[in-house]
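Q: Below: one structure in structure tokens.
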Amino acid sequence: MREKLAIPEAEWPRAIGELCGLNHIEEAAVLSTCNRMEIYVVALSRHRGIKEVTEWMSKTSGLPVSEICQHRFLLYDKDATQHLFEVSAGLDSLVLGEGQILAQVKQVVKVGQGVVGFGRNISGLFKHAITVGKRVRTETNIAAGAVSVSSAAVELALLKLPESSHATARMLVIGAGKMGKLVIKHLVAKGCTKMVVVNRSEERVAAIREEIKDVEIIYKPLEEMLNCAAEADVVFTSTASETPLFLKEHVTELQPVCDSVGGLRLFVDISVPRNVGSCVNDLETARAYNVDDLKEVVAANKEDRLRKAMEAQAIIGEESKQFEAWRDSLETVPTIKKLRAYAERIRTAELEKCLSKMGDDIPKKMRKAVDDLSRGIVNKILHGPMQHLRCDGSDSRTLNETLENMHALNRMFSLETEISVLEQKIRSKVEQNQK
């Protein structure tokens, strides 16, 4: 389903345009990745907005509405804000705290710049989500510590090597399947720029080389495995072999590694069944680690991440309040505009009356002076009310006062109510779509 609903990044602006063309949708954004498909909207009506977006999803994907309704999840207002902040912080990912999702949220903002429907509310939400994602990672360090077997394999190897040898240690990866490829990626992420990869065929290695640029990946066939091991300081094994590739007798014959890497050849075996016999640990020149050793590292790190996720929730709660306060402060913007328009209507009407009484032969200079005088008076009178309608949303006391002032001004000057503004917006959208 996700594959059918997925919207490639290049299509996001088109999707935003189409969504905002719907009668009850004002703003929109799309977050579509391999693991999630989310549409964020500012709607003029909750019920009608959901109906329109669901029908649009059905039209673009070819999936029936009933099927989409069965699998969709709906979040509103504060819950929607909270969810995006958790997504950006990596709390909603398969691997807690992973960093890729934050980059994807940033991309939504980058692609949305200049797109008409990526409006003030939605762009504000996504920009705030980026701040949350950065803050959570900085303050809780949630992304530290390997939580997959392949990343733990690399982490453990680097832990056992002297730090001074990290850049120079000779790395060998045996097996270029899914796990082997992940080991290569994690090595590259840790700064490794050269490695030897032993595999049955060169095809897979060539594909990895194509995908991971600027890294020297040397392919060697399986027959050369022992020669390659003799020239490596760290050997990662991840093959489907039913029998061990390395036993004590194989490793004994390998020339010893130098002291700069700690004098021990490391075997990190992430295969099941094992590729490296436990008998290798009997030798003084080598150490072997298997999946069980790595699982302990992973379990400890996962526990640590869960603790950090709880800390992250506190940050998200705090940031959600700030964002909601900012949203609330936007409520006063229509009142400010309406009050200005109301005052301007009175000013121009009274100005016309005054000028007509003064006759047709008033000099331009005099006409301008009277016009400037009327503007000055209006601006001076409006200055106080305008100040009391503006607030940055960071102080709840000021915000509550601002909203009270807004309602008071709406009542005093009989300014349009929020409902009629909504009706006006909906009416104009419907008329636009009928053209």
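Cβ coordinates come from backbone N, Cα and C, glycine included.
The domain 'Glutamyl-tRNA reductase N-terminal' annotation in TrEMBL covers 1-140. If you look up TrEMBL, you'll see Thr33, Cys34, Asn35, Arg36, Ser93, Glu98, Gly99, Gln100, Gln104 marked as substrate binding site. According to TrEMBL, the active site, nucleophile annotation covers Cys34. Positions annotated as site 'Important for activity' by TrEMBL: His83. The feature domain 'Tetrapyrrole biosynthesis glutamyl-tRNA reductase dimerisation' is assigned by TrEMBL to 311-415.
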Q: Mean pLDDT across the domain 'Tetrapyrrole biosynthesis glutamyl-tRNA reductase dimerisation' (311-415), rounded to an integer, is what?
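A: Its mean pLDDT is 84.
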Q: Compared by Cα position, which of the recorded positions His83, Ser93, Gly99 is the closest one to Cys34 (active site, nucleophile)?
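A: The answer is Ser93.
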Q: Determine, to the nearest whole angstrom, how far the Cα atom of Thr33 (substrate binding site) is from the Cα atom of His83 (site 'Important for activity').
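A: Cα of Thr33 (substrate binding site) to Cα of His83 (site 'Important for activity') measures 16 Å after rounding.
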Q: Would you mind reading off the Cα separation of Ser93 (substrate binding site) from His83 (site 'Important for activity'), to the nearest angstrom?
A: 12
Q: In the same chain, outside Thr33, Cys34, Asn35, Arg36, Ser93, Glu98, Gly99, Gln100, Gln104, whose C-beta lies within 8 angstroms of the Cβ mean position for the substrate site?
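A: Here the non-site neighbours turn out to be Ile101.
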Q: Could you break down the residues of the domain 'Glutamyl-tRNA reductase N-terminal' (1-140) into DSSP helix, strand and coil, giving a count for each?
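A: Here the numbers are 86 helix, 17 strand, 37 coil.
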Q: Return the count of C-beta atoms lying within 10 angstroms of the C-beta of Thr33 (substrate binding site), excluding that atom itself.
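A: If we count other Cβ atoms within 10 Å of Thr33 (substrate binding site), we arrive at 17.
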Q: Which residue counts does DSSP give the domain 'Tetrapyrrole biosynthesis glutamyl-tRNA reductase dimerisation' (311-415) for helix, strand and coil?
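A: Residue counts in helix, strand and coil order: 87 helix, 0 strand, 18 coil.
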Q: Just checking the binding-site residues Asn35, Gly99, Gln104: which sit within 10 A of His83 (site 'Important for activity'), CA to CA?
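A: Hits: none.
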